[in-house]
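Participant: Sharing the feature lines straight out of Swiss-Prot:
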type: TRANSMEM; residues: 25-45; note: transmembrane segment
type: REGION; residues: 62-207; note: region 'Pectinesterase inhibitor 46'
type: REGION; residues: 257-550; note: region 'Pectinesterase 46'
type: BINDING; residues: 332, 362, 470, 472; note: substrate binding site
type: SITE; residues: 384; note: site 'Transition state stabilizer'
type: ACT_SITE; residues: 385; note: active site, proton donor
type: DISULFID; residues: 399-419; note: disulfide bond
């Protein structure tokens with residue numbers, strides 16, 4: 001039976017604290033609503049002043065709502081945005097969240113049509129068939145990612161931006177594969193098929209980026225502590241993070257539930273067989289111990305294989321080796337010796353080699369398109385396109401990366417920390433370029449961050465021109481900071497992709513690097529190259545803000561520096 005007496009001092013204090021907390025949350029929520037109204041009003045007011053044409057209308061002839069106008073104004077493809085959101089049911093009465101979800105929904109529908117178009121080809125030659133096959137896989141990845149986006153909370157702004165950035169990357173990679181086939185008609189086919197879905201994806205990304213900035217302004221972003229004593233941090237994918245805590249103690253080899261050994265002393269002799277046993281979409285880690293040996297196989301960690309932890313006997317002892325390459329007819333995206341798509345993947349003490357050699361051009365050793373992935377004390381060994389950091393959030397610590405042309409490339413949000421980056425001797429007539437970052441859209445939260453690494457030659461490269469990188473796409477983003485550069489780096493530092501300059505829209509930066517190759521005195525004079533960042537600007541590319549690492553790396557027990 002309840003007692004209805006006077007509260008003691010302790011209970012009274014708890015009640016008062018609870019009231020203050022609720023009041024604080026209410027103030028924040030009201031502030032958020034007020035700010036959204038102010039910003040929407042400002043945007044719409046600006047649009048009205050700048051637009052002398054008749055206002056766009058919904059399908060039923062009614063004027064487009066204030067929310068639709070505000071959201072479409074921040075997009076890169078406004079006409080497509082008005083067309084898309086204007087067709088939303090009850091668009092004039094829909095909230096920004098509902099309109100965003102609708103934008104994602106119609107993008108899924110459009111990409112499903114695109115997938116059908118790539119799946120129905122007949123009588124194709126080998127190059128066309130290979131490129132179309134790559135597109136089928138990539139568009140499938142995009143659809144899956146958008147479906148996950150549909151079920152996520154709108155407050156998960158970092159996650160949503162990452163996932164929508166990856167959806168754009170998947171479509172761009174499909175286009176790259178079609179261009180690689182070197183058939184103008186195939187390129188035109190791809191451009192026509194992908195135009196609508198690419199614009200829709202870009203618009204959804206722009207909308208969530210803008211909404212995230214509003215939330216940031218009022219400190220209402222997820223994972224932030226409320227100023228209360230009993231507040232908890234909300235982290236990305238909490239069940240997965242909790243599961244990873246199984247890694248916190250003990251020898252991972254002894255914890256392994258699956259053992260692979262060339263000599264037959266394990267359950268399996270190949271890594272592929274071991275992965276087939278892994279439970280799909282498991283929130284807890286599946287630890288696979290791969291004993292020393294050279295495993296001659298192309299390995300794929302599929303998108304449904306979550307939280308796989310693979311441990312070897314050493315980066316020069318447990319080696320995965322294969323030789324797929326572009327010259328022999330495989331699209332770059334599918335040449336990887338080891339390819340990872342399942343989120344939460346971790347590898348340590350392993351080596352990944354593509355043996356194709358420099359004459360075979362693009363030949364990837366490791367390709368990663370898995371969110372929240374980690375590589376610790378691993379070696380990636382090839383020539384052109386060694387390390388394909390394709391998409392999502394990734395972290396590499398104490399790794400060794402060898403290569404020649406564009407050998408760290410892709411469009412992930414990726415941090416390389418305390419790694420050795422070793423350019424090697426290329427083919428005759430070639431020059432070395434370490435990075436080729438593939439950011440295509442200004443709203444993508446992607447880029448390559450090289451932090452506290454060592455850049456030195458593997459071979460004698462005194463007669464070889466070696467550059468820090470070249471901009472693969474229009475918004476290419478690469479930052480090298482607090483790293484050692486040996487004297488073999490060309491004083492110009494960076495190389496254009498084509499012509500004699502780079503797009504003004506790139507973001508390249510060097511910050512507090514050391515060594516005889518680190519001087520920025522004679523660097524190229526590009527508008528997009530920054531050689532005098534402030535500490536605050538450079539810090540944006542460290543683990544904590546750039547890949548949200550403080551929320552998911554601690555559970556892996558891999559050492560990392562969250563900032564400077």
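Heads up, the Cβ atoms here are built off N, Cα and C, so glycines get one too.
For each feature listed, report its degree of burial, its nearest neighbours and the pertinent distances within the displayed model.
Facilitator: Predicted-model confidence for the region 'Pectinesterase inhibitor 46' (62-207) is 93, expressed as mean pLDDT.
DSSP assigns residue 362 (substrate binding site) to coil in the three-state reduction, placing it in neither a helix nor a strand.
Neighbour density for residue 384 (site 'Transition state stabilizer'): within 10 A of its CB lie 28 other CB atoms from the protein chains shown.
Taken residue by residue with DSSP, residue 385 (active site, proton donor) is part of neither helix nor strand, so it is coil.
DSSP classifies residue 399 (disulfide bond) as coil under the three-state reduction. All protein chains considered, the CB of residue 399 (disulfide bond) has 23 other CB atoms within 10 Å.
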Participant: What three-state secondary structure does DSSP assign to residue 332 (substrate binding site)?
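Facilitator: The three-state answer is helix.
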Participant: Rounding to the nearest whole angstrom, report the longest C-alpha distance spanning 332, 362, 470, 472, listed for substrate.
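Facilitator: Spelled out: the longest distance between any two Cα atoms in 332, 362, 470, 472 is 18 Å.
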Participant: For residue 362 (substrate binding site), list the number of other Cβ atoms lying within 10 Å of its Cβ atom.
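Facilitator: There are 25 of them.
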Participant: I need the neighbours of the substrate site defined by 332, 362, 470, 472. Which other residues of that chain put their C-beta within 8 angstroms of the C-beta centroid, in sequence order?
Facilitator: 384, 385, 405, 406, 409, 436, 438
Participant: How does the region 'Pectinesterase inhibitor 46' (62-207) divide up by DSSP, counting helix, then strand, then coil residues?
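Facilitator: Summed by class, the stretch gives 116 helix, 1 strand, 29 coil.
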